[in-house]
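A.B. asks: Next up is a structure, given as structure tokens.
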Amino acid sequence: MTRPSTPVLTPDPTNRDSAFLKTMRGEAAPHTPVWFMRQAGRYMPEYRALRAGRSMLECIRTPELAAEITLQPIKAMPMDAAILFNDILTPLPVMGLDLDFVGGVGPQISNRIETPFDVDRLGVPAAAEVMPYTAESIKLVRQELDPRGVPLIGFVGAPFTLASYAIEGKGSRNYERTKRFMYGEPAAWHRLMDKFETILADYLAEQVKAGAQAVQIFDSWVGALSIYDYVTFVKPATGRLIERTKKLGVPVIYFGTSTHHLLPQMSSLGSDVMGIDWRTPLNDAWKLIQPGQGVQGNLDPLLLQGPWRELKHQTDRILAEVDGRPGHIFNVGHGLLPETPVDMVRRLVDYVHEQTAK
Ligand code: CP3
């Protein structure tokens, strides 16, 4: 597989001194920055109103809509970063997989990958040509974010997590089809990882060129693998993706769930920050990752459904585990849930800011 060289871009100086970007660089910040995975979503009435009668993909592919949804949580609360409204599955249709987001069910792919031939029929088109709306959305969002001092995060899914959807055809509990393919067709599996690496590196380069000031790579489901399988089947292509992304000149967060056992391997790929799910205490996580890496996390999103007493207690517990060291970005340990009361989210953002103000 040919790998076009990734352009080296000049770092964007805008909002360089924001708490979020300082922390991403491992520098001391005036307070602990806070943002939440899925901070734009169904828990917000503004989101539900805008989504009414419109499909997920329509919103993603219409820059004015994607920009508006991205800004909804920023307008409602003092978040320290915005994340572009998009989905990790957006590259699948442009590669030839028929994706639909089915309400109440989740993503569905009608022509999932079943054979090595199916891998070879996947296209790897240039992101700028087939997903131009993403760069447009980023440019629109930046116009609104820059005067507010809020930096923008771009993102992609990681090769394993995307392969799991491409092969299962939907979300999964045990990734049985994915593992069967990985073990049974190792050559085709590696070709699939390479194809994802190529399109994802290109897509992230497009996002950074358009104005994303940091990026997160979501490897949400990689925790289903043993250490051996991660190293053998996933680490090489993911490592190349992270290496190429780092050359873009913006800081990189690498996130997964149920990854306690994988943290030494995942962190060795050299992202600036490791996203930690709610299962691992942050002081333990810090011992498992590389020296100098930051951590992002890691409140159980269910705690935002209350009571405040327990939410406050566990927020204090997390901040105590961090114990004032630089390089902590406060976040949930997995995305916000649709049942989350907006008031609890706002109260939490304010509380972390107050407790960590220097
Ligand atoms: O964080 C943000 O606010 C940015 C937006 C964002 C979405 N998806 C919007 C979305 C991000 C960062 C994602 C990433 C994503 N998408 C992941 C990785 C994070 C994680 O949760 O592990 C994954 C696995 C997906 C795939 C996906 N997209 C699933 C499984 C679903 C259905 C489940 C669900 O929550 O509905 C989606 C749909 C989706 N992506 C929604 C949103 C707001 C809900 C769609 C709706 O409004 O009905």
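All positions are counted from 1 along the displayed chain.
Any Cβ shown, glycine's included, is placed from N, Cα and C.
Annotation comment: TrEMBL describes 33-42, 153-169 as domain 'Uroporphyrinogen decarboxylase (URO-D)'. Summarising the annotation, TrEMBL assigns substrate binding site to R38, Q39, A40, G41, R42, D87, Y165, S220, H334. TrEMBL lists D87 with the feature site 'Transition state stabilizer'.
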A.B. asks: I'd like the number of other C-beta atoms within 10 A of the C-beta of R42 (substrate binding site), please.
C.D. replies: 14
A.B. asks: Counting other CB atoms within 10 A of each CB, which of the binding-site residues R38, H334 comes out lowest?
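C.D. replies: Looking at the binding-site residues R38, H334, the Cβ with the fewest others within 10 Å is that of R38.
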A.B. asks: Which of the three DSSP-derived classes (helix, strand, coil) applies to Y165 (substrate binding site)?
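C.D. replies: SS state of Y165 (substrate binding site) = helix.
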A.B. asks: How far apart, in Å, are the two Cα atoms that lie farthest from each other among R38, Q39, A40, G41, R42, D87, Y165, S220, H334, the residues recorded as binding substrate?
C.D. replies: 22
A.B. asks: Considering every residue in the domain 'Uroporphyrinogen decarboxylase (URO-D)' (153-169), what is the mean pLDDT value?
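C.D. replies: Mean pLDDT for the domain 'Uroporphyrinogen decarboxylase (URO-D)' (153-169): 98.
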A.B. asks: Any idea what the Cα distance is from D87 (site 'Transition state stabilizer') over to R38 (substrate binding site), rounded to a whole Å?
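C.D. replies: Cα-Cα distance, D87 (site 'Transition state stabilizer') to R38 (substrate binding site): 10 Å.
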A.B. asks: Hey, of the recorded positions listed (A40, D87), which one tops the CB count within 10 A?
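C.D. replies: Ranked by Cβ atoms within 10 Å, first place goes to A40.
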A.B. asks: When you measure from the Cβ of Y165 (substrate binding site), which residues in the chain that are at least 6 apart have a Cβ under 8 Å away?
C.D. replies: L89, L92, P107, I109, G171
A.B. asks: What are the DSSP helix/strand/coil residue counts across the domain 'Uroporphyrinogen decarboxylase (URO-D)' (33-42)?
C.D. replies: 0 helix, 1 strand, 9 coil
